[in-house]
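Pulled from TrEMBL:
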DOMAIN    A:31-429  domain 'Amino acid permease/ SLC12A'
TRANSMEM  A:23-43  transmembrane segment
TRANSMEM  A:49-70  transmembrane segment
TRANSMEM  A:91-111  transmembrane segment
TRANSMEM  A:131-150  transmembrane segment
TRANSMEM  A:157-178  transmembrane segment
TRANSMEM  A:198-218  transmembrane segment
TRANSMEM  A:239-258  transmembrane segment
TRANSMEM  A:290-315  transmembrane segment
TRANSMEM  A:336-355  transmembrane segment
TRANSMEM  A:361-381  transmembrane segment
TRANSMEM  A:402-420  transmembrane segment
TRANSMEM  A:426-443  transmembrane segment
Amino acid sequence: MTITLEPAIHGDRVSLLRVLGPAHVWALGVGIVLVGEFTGWNFSADKGGALAALIVCWIVGLLYTSVAMIDSEVTSTVAAAGGQYAQAKHIVGPLMAFNVALFLVFAYTMLEVSDAILLGDTIVAKAGVDGLTHNSFIAATIVVLAWLNYRGVLMTLNVNFVITAIAYISIVILFFSVSPWTQGAVLKLNELVTPGNALPYGWIGVIAAFQFGIWYYLGIEGTTQAAEEVRSPARSLPYGTMAGMITLLIAAAMTWYVCASLMPWEYLGITYYPLWDAGKLTGSPLLENLLFVATLLAALASANGCINDAARAWFSLGRDRYLPSWFSAVHPRYRTPYRSILFLLPIALAFAFIADLNQAITFSILSGVLQYTFMSINIMMFRKKWPLGTIRRGYTHPFHPLPAIVLFCLCVVTFFAIFLGFGSQLIAMTIFYFLISVWFHFYRYKFVRRGDQFTMPWPKPQGY
Amino acid sequence: MPRYTPPEQSKAGQIFDIAVVVVAIFVALWLPLKMGLAGAAKSIDALDAKTWEALGQNPTMAAIWEKLGYTPETAHDVIQNRFHYVIDWPTLIIMAAVLIGYFVFLFRASDREYRDVINEKFDDK
């Protein structure tokens, strides 16, 4: 079933353009996430050992498969810029929508910061020049990508499609270059992951590893941010998101296998460049250089997609007057949310200079997990308020409510994992979200037009 | 139900609200960094004998460390820098209470606002 929506018109304002197809949705989702294979996932080996990193790769893959299934159903039905924000607005209420948009902005802006730091550090490490710092590379990355986003979404995601595809192919080339079907020649998994060191912290380490296991896939749900700019949301969003998830599961498995077979878990757990290091350890200059370039491209693609998504979430807050409506302006020529893009630019720059890589990653993960917790409850409410058959859904996910229950349980485990090492940050961020929610509910909400928050042509929700 | 007409916000008010949000973002993200609360709880379990064997590395692992430019001395702080997973129950309970309290407030307050939205939207028809 395909629903083609009319261009989104909001009053007399200039609207976003519907120019994207499933490939762009794939590029947006995988582009944001693929950098997780090039750095970040490996910190789960630090928290629990190499085997823990593999276990969480698959279990967190289950979490994200649930996210993708749930997201595809809700977003193919609530197709509006802001993705999960628009879902929350129609299903739970304005305050939840406000929080979800902040989750999105924080998760993506901090992911963008992580990408820029990775890119800067990778160039500095490759150059090997004394005194060279990553600052100029970080600033150039963030500014140039913001400019690209300012100029138009189609060009932005076309660029993302190409560089994401190159980065992905590099992982496949590395995998087949090391003769994965034989052990001992290049890969030495049996000697590096032994019964004595596979789980150095035991099962508590496996749970702790969930925190960075999230990084294998964090951001795939960003596909929904393009809901208002795809030509056929009901078709493109489920296809693009599910194809992206399959792509990432394959990439994550290949990445773990090659990296765990080439370096000791203690080193794997702390390196910023596991795939580039894997390329080096094969002894092939071609693979080393290929993985170096791919690391840069993956970081660029991710930062590019993050700017796109964070700006759209911020734009949506302005359009609904949850934040000053100044942010809701669309560029008259490029049709992009240019003020939101420009506003978030200095925030990203500031944190790129004051946070280090795993702190920025943790900030991003925290907001992501809060959002997934919301999604597990949101789908339950969606099915309860509008049971199957009462509204037209672009896609209906199977096995409900199993994916929602799995997602909720895995979120609880991940909160506990974050507590094991980063508990203070989790408490600080939750207090921030609570205080800003109080500010919204008791002050900012008075500027919101009540009835305008519900724009879908649906019947009244059951129970209201 | 009469349609709610929100007040118009002045430019100064808009700027003030933007400032509140920006300050809140920086406080939430920057303060834990400044106070040293951010980052993993790891510490080095020092060893007297700094050899590959003492560090638990077999010949294959040792060869890779050396290929990466490490000696047993320089690898010591990497290998022995470990997490110490001790469940601090009071902190865990505080964290759980903060999270549950936050979500309860979020859903209850959202529901009150949602009822305004639904009443106005559907009473207009």
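The backbone N, Cα and C atoms fix where each Cβ goes, glycine too.
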Contact call for the transmembrane segment (A:290-315) against the transmembrane segment (A:91-111), three or more Cβ pairs under 8 Å: yes
Leading stretch by Cβ pairs under 8 Å, where the reference is the transmembrane segment (A:336-355) and the options are A:131-150, A:198-218, A:239-258, A:426-443: A:131-150
Cβ pairs under 8 Å between the transmembrane segment (A:23-43) and the transmembrane segment (A:198-218), at least three: yes
For the transmembrane segment (A:198-218): best-contacting stretch of A:49-70, A:239-258, A:361-381, A:426-443, by Cβ pairs under 8 Å: A:49-70
Residue numbers, six or more beyond the limits of the transmembrane segment (A:49-70), whose CB comes under 8 Å of its CB atoms: 41-42, 192-193, 197-201, 205-206, 208-210, 212-214, 216-217, 220-221, 241-242, 244-245, 248-249, 252-253, 256, 260, 265, 268, 372, 375-376, 378-379, 397-398, 403-404, 406-407, 410-411, 414
